[in-house]
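Undergrad: Here Swiss-Prot flags CYS96, HIS98, CYS116, HIS119 as [2Fe-2S] cluster binding site. Residues or ranges marked as Fe cation binding site in Swiss-Prot: HIS222, HIS228. Annotation source Swiss-Prot lists domain 'Rieske' at 54-163.
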Amino acid sequence: MNQTDTSPIRLRRSWNTSEIEALFDEHAGRIDPRIYTDEDLYQLELERVFARSWLLLGHETQIRKPGDYITTYMGEDPVVVVRQKDASIAVFLNQCRHRGMRICRADAGNAKAFTCSYHGWAYDTAGNLVNVPYEAESFACLNKKEWSPLKARVETYKGLIFANWDENAVDLDTYLGEAKFYMDHMLDRTEAGTEAIPGVQKWVIPCNWKFAAEQFCSDMYHAGTTSHLSGILAGLPEDLEMADLAPPTVGKQYRASWGGHGSGFYVGDPNLMLAIMGPKVTSYWTEGPASEKAAERLGSVERGSKLMVEHMTVFPTCSFLPGINTVRTWHPRGPNEVEVWAFTVVDADAPDDIKEEFRRQTLRTFSAGGVFEQDDGENWVEIQHILRGHKARSRPFNAEMSMDQTVDNDPVYPGRISNNVYSEEAARGLYAHWLRMMTSPDWDALKATR
């Protein structure tokens, strides 16, 4: 692998609205590669995308008891996520108001309070400033109520925790919209819901966050060609040969009517899932009591047991693979780097051996050292490396696949649906919403585009 210089490419001081609008042409299917490299665009993303979107922070079962906490990020802003005594969840900026040091330096734990290690300012688990050393002697006029860290809005959807800095943003339910229908394929297969397998894997990829978000949103194309041949070969059951594993062709792709979310899935053919997750997980997902229960809850046998190798992104950076059950956030680290935080969910009432098999197979396939994850990372890193070149950034990328092949009135699947699983309709939706957020000054303007 070529070594990638992750220093930003600074080409200009600012972008005006018309220049940003020209970066993506949905009707022609053209993407300006500068959206993946420009530092000024990235700084605007932090302000207009990451500070105004609902961002995935974790799973409720990672903070079960009062005082349980995890630390994570919203964009590049560090945050603390804490279970409260009343079972609610608080999220606040992990930054002391005195000189800006982290309030909490651990990844996870249980606490009754958080104390800044620099000067000792202390905060309760809701993020309120409660103690200042030498307050009487040195801070006689300090009003502690005015010096708490910034607090985010928090909402959950079927176990997943989301937060948003913007008070004027739509609520999470509205933000997700019909995407909830597709999220339920993983999150609502049983009345017990899901639980997170302990542990979060974290690794850095020197590429722009949008490459990862787009692939999980829209790109079944690479899975049906040559990208993952080595991983498929490694995971084939003994009674299957590569010749028996023709790439599936039957499936659908979903594009959110508004919001940038997207998903895609094969229908009916289990062979690729067998190669990825093995016979035990595939059988659990497609036949027997668990799949029958899922079919009943989800309203159809197809949704409960026939959807294979599904991929999904909730805009901008929440991605997961139902059936494989990896869930991850793509934390941006500049225009040329992303930090991946991934965990695995399972049906809470699944047998222990099934939970263990999900854990084992996800580690083998989609983890920092996973055989499929390595293929994806290699491609993204090499693309980012090539985009260091002036000429490489000067010619648009093609996003025309399956253009004009969507319907808005599918009898089963909501949103804009492509009946060709090999489509870039969801990618066009992701970039259209990215453009919408980058050119809208506030949520009032965004709401007007719905």
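Yeah, the Cβs are placed from backbone N, Cα and C, and that goes for glycine too.
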Undergrad: Including all protein chains shown, what's the count of other C-beta atoms within 10 A of the C-beta of HIS98 ([2Fe-2S] cluster binding site)?
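TA: Taking all protein chains shown, HIS98 ([2Fe-2S] cluster binding site) has 15 Cβ neighbours within 10 Å.
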Undergrad: Within 8 Å of the Cβ centre of CYS96, HIS98, CYS116, HIS119, which other residues of the chain have their Cβ, at the recorded [2Fe-2S] cluster site?
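TA: Result: ARG97, ARG99, GLY100, MET101, ILE103, TYR118, GLY120, TRP121.
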Undergrad: Rounded to a whole number, how many Å is the Cα of HIS98 ([2Fe-2S] cluster binding site) away from the Cα of HIS222 (Fe cation binding site)?
TA: 49
Undergrad: Taking only the residues in the domain 'Rieske' (54-163), give me the average pLDDT of this model.
TA: 98
Undergrad: According to DSSP, does CYS116 ([2Fe-2S] cluster binding site) sit in a helix, a strand, or coil?
TA: coil
Undergrad: In angstrom units, rounded to an integer, how far apart are the Cα atoms of CYS96 ([2Fe-2S] cluster binding site) and HIS222 (Fe cation binding site)?
TA: 45
Undergrad: Restricting to the chain of CYS116 ([2Fe-2S] cluster binding site) and a gap of 6 or more, list residues whose Cβ falls under 8 Å of its Cβ, or answer none.
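TA: In sequence order, CYS96, HIS98, MET101, ARG102, ILE103, ALA122, TYR123 meet the Cβ cut-off.
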Undergrad: In whole Å, how far does the CA atom of HIS119 ([2Fe-2S] cluster binding site) lie from that of HIS222 (Fe cation binding site)?
TA: 52
Undergrad: Which residue counts does DSSP yield for the domain 'Rieske' (54-163) in the helix, strand and coil classes, in that order?
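TA: Result for the domain 'Rieske' (54-163), in helix, strand, coil order: 10 helix, 46 strand, 54 coil.
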Undergrad: Going by DSSP, is HIS222 (Fe cation binding site) part of a helix, a strand, or coil?
TA: coil
